[in-house]
Amino acid sequence: MEKTEAILETQHISEASDSLFSSLDIFLVALIVGGISWYFINKYKKTTTVTSERSYSISPSPITLENPSDSSFIKKLQSSGRSLVVFYGSQTGTAEEFAGRLAKEGARYRLKGMVADLEDYEMEELVNLKNIPNSLAVFCLASYGEGEPTDNAREFCDWLQNSEPDLKGLTYTVFGLGNKSYEYYNRVAINVDKRLKELGATRIYDLGLGDDDANIEDDFITWKDQFWPTVCEYFGIEPTEEEINMHQYRLEEFEEAPDKVFVGEMAKLDSLKNQKPPHDAKNPFLAKVKVNRDLNNSDRSCLHIEFDIKGSKMRYDSGDHIAVYPTNDSELVEKIGKLCAKNLDTIFTLINNDEESNKKHPFPCPCSYRTALTHYLDITQNPRTHVLKELAEYCTDEANKEKLRLMSSTTPEGKALYQSWIIEDNRSVVHVIEDMPCCRPSLDYLCELLPRLQPRFYSISSSAKLYPDTVHISAVVVEYDTPTGRHNKGVATTWLKEKVPDPEKEAPVVPVFIRKSQFRLPTKPETPIIMIGPGTGLAPFRGFIQERNICKSEGKPVGETVLYFGCRKRSEDFIYGDELLEYEKNGLLTLHLAFSRDQPHKVYVTHLLQQHADEVWRVIGENNGHLYICGDAKSMAVDVRVILTKILQEKGQMTEQEAVAFLKKMETQRRYSADVWS
């Protein structure tokens, strides 16, 4: 492009030279243009374009647009002859991955598709989608936290709920990603589906609900395998016989390293060297580790880590989360390089074949294979079925090829094999390739297939009023043995465990950013609170207690501050025990402790809640107090809610329906808050 523009400019200069320039001027300009042309020609000689035997079938032919708008998905559909747009609202990348798979498969059903991030486009244009023949909008929407939209879907959901666009003629469907452990299972997808229908849109296939607590991959493929035949029937389309199994990106490898190479930055080149605020998910702050110690007196490590955020201009409140960008284990990275027979120091780039896509690369490029596998790709999670299907193409042994194909199918036998061989045996893509010597995929294609390595979020276990320049976290180190005899380690906690400061050396650093939360103390410190947080569920409450203690030391009235904490053994994992006991001694804290294995019968925080029903009713029923839960969503949080319902019935003289409605009202008033995970 730059070279063409330079030639045209030279022609203009030549035509006007008689009146404007001397011969010397023309000579100098020609010399400059020649130098620029020589630079670009030599620059591009240093790259090797690797073409695939398979082309990405949903990419458009080269096109030119008049005044193209990056925020107009309608213009992009029209200019490239597409009719399918798959929007995604994603927090961890799964919804984005599912959207990409649907858009890619559209080619098989004669619907050329594009993937669209909800925050990248003017969603008011939905009213115009009906003007494109055979148009279809698919929404892959994850619910986040307590049934909230993901960050990139929030604005769309607000617009949809608070405006009245005429969506008659719009055809759509929705697939939701949620977790049944949470009360508001798939609330975002359910609400969007309902609202689209209210506004006149036509849903052409049933709302899909994926459960991440079970097997969301199975839910998705089961849903989409029924979705496509319905689409074909609705539009009168005959599917092609072509198997969609193609590259989305084209590969370029560099014989000589270019001047600009990413080495782990999330978005902007050199952002890890030249730190400039504001710091967020695309521009994390390199926080020094000031303290890293083990809180437990057992073989199960629970780390207390303090990050120095001075100078970052980041601010946090008690209850917020800090996100940590980890790196993969170097041994696993090296193993992939050897298995795929690739020099990991080779610099490469993957370029989207879809020229209209806002996502030009799957991760920051160019970079080395080592950087991609270390910083950008998740190499430890269980591979999804579409990855196994692609890996099958690289198998030289027919039995193993059929095994991978079977596991990627929707047959009962395939699902059962996937559940046992991948999920229960806990195999990663590294393990799959390791256990199938006949399968040696191209490393660049593996980089295309694998999901992005996501940041890990930790509840902040400190108060900014006490520690304005540091952020504390409490994290259990994950390690376990698999049925195949392997010893798996958690990506983030294993990496963090090694970040121990040494007075004789430069402090280790960790890329971080702050994520705001709705998990908040009452505005008035005199409002009574109950906190329920076994294990590391204590983390945000440590910050709450510190903050209430500051208020007390300043002479402000502080309401009842009640904590229910539980762990296995008092002598082994009573984290921050000395601090909590000191707060109790000073009269700030009422402490209820459950050490499940310190007596013959198990005692949990749920047992203590039942024993102190009068206290619970007094705080939340009589004094309009706040109640907080932090920890396991699957059992603890569910059990607590059941017990609270019974307490309201018994102590508040309510029916079951009234008790349920009471808790719902508390949630609406932000008096009942949960920060839970499964």
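One-based numbering along the chain as shown.
Heads up, the Cβ atoms here are built off N, Cα and C, so glycines get one too.
Whatever TrEMBL says is automated annotation, not expert-curated.
Taking a C-beta cut-off of under 8 angstroms and a sequence separation of 6 or more, D212 (FMN binding site) has the following same-chain neighbours: T94, L177, G178, N179, S678. The FMN binding site annotation in TrEMBL covers S90, Q91, T92, G93, T94, A95, D212.
Around T606 (NADP(+) binding site), the same-chain residues at least 6 positions away in sequence with a Cβ under 8 Å from its Cβ are M636, D639, V640, I643. Look at TrEMBL and you will find R300, T536, S596, R597, K602, V603, Y604, V605, T606, D639 tagged as NADP(+) binding site.
Marked as FAD binding site by TrEMBL: R456, F457, Y458, S459, Y480, G490, V491, A492, T493, W677.
Per TrEMBL, the feature domain 'Flavodoxin-like' maps to 84-228.
What TrEMBL lists as domain 'FAD-binding FR-type' is 282-522.
Summarising the annotation, TrEMBL assigns transmembrane segment to 20-41.
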Beyond the site residues S90, Q91, T92, G93, T94, A95, D212: chain residues whose C-beta lies within 8 Å of the centroid, for FMN: E96, E97, A142, T150, L177
The one of Y458, Y480, Y604 whose CB sees the fewest other CB atoms within 10 Å, among these binding-site residues: Y480
Euclidean distance between Cα atoms of Y480 (FAD binding site) and S596 (NADP(+) binding site), Å: 22
Long-range Cβ environment of R456 (FAD binding site), under 8 Å and at least 6 residues apart: A323, V324, P326, V491, A492
By Cα-Cα distance, the member of binding-site residues S90, Q91, G93, A95 nearest Y458 (FAD binding site): Q91
For K602 (NADP(+) binding site), the one of S90, Q91, G93, A95, Y480 that lies nearest, given that the binding-site residues are compared by Cα: Y480
Neighbouring C-beta atoms (10 Å sphere around the C-beta of S90 (FMN binding site)): 22
Three-state composition of the domain 'Flavodoxin-like' (84-228), taking helix and strand from DSSP: 62 helix, 36 strand, 47 coil
